[in-house]
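Colleague: Sending over a structure as structure tokens; questions will come in a sec.
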Amino acid sequence: MSSSTAVVKKKHVRFASVDNDDKHERTDEQEEDTLFDKRRDTGKRPRSAGKRTMKRGCDKQVLDGGRCGRGACGRWMITLTLCMSFLALGMSISVLGPTFEDLAVNVRKDISNISYVFFGRSVGYIGGSLFGGFLFDYVNPHLLLGFSLLITAFGMLAIPFCKQALLLTVFMSSIGMSMGVLDTGQ
């Protein structure tokens, strides 16, 4: 349909005003072009907010809703990966409590003498949250989340083999740091 034969719909705008004499509300009606009518008049096609072009590396890359050509399968994979990272983060945070007695036996110390492991993990968590906030501005967020998950996984695998309390605290601090980055990125 061409723009010359199109029926232009006008938007009715009512302005309310109060009359001082009779204190009754009266309305003034005016016609106004809507936003879509104005676009139709210019003859230009509106650009969608979800699609934008960027110049980075290649001539033009069209980003459709943030998918970057991955399609619906890619979005589901990212969603599932992020959900699994939430699960891993929750398990990593909660694993220290139930295994604390066994960790004390591994390092041949009393439970009250290695309570600083909690402090080490908390300091690492705060440091990782602060450091992760800066890193997410400069690094690909999915790559950083994956790297943090790997550090957390390797740290959790190494914890049962720690035979010294200081080494256990260092591992727990590094795990806390990677968990802080994970929590900031999610």
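Placement of Cβ uses the backbone N, Cα and C atoms for every residue, glycine included.
Feature table excerpt (TrEMBL):
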- 18-55: region 'Disordered' (REGION)
- 35-44: compositional bias 'Basic and acidic residues' (COMPBIAS)
- 76-96: transmembrane segment (TRANSMEM)
- 78-186: domain 'Major facilitator superfamily (MFS) profile' (DOMAIN)
- 116-136: transmembrane segment (TRANSMEM)
- 143-159: transmembrane segment (TRANSMEM)
- 165-182: transmembrane segment (TRANSMEM)
Colleague: Just give the helix, strand and coil counts over the domain 'Major facilitator superfamily (MFS) profile' (78-186), going by DSSP.
Modeller: 97 helix, 0 strand, 12 coil
Colleague: Compute the average pLDDT of the predicted model within the domain 'Major facilitator superfamily (MFS) profile' (78-186).
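Modeller: Overall, the domain 'Major facilitator superfamily (MFS) profile' (78-186) comes to a mean pLDDT of 90.
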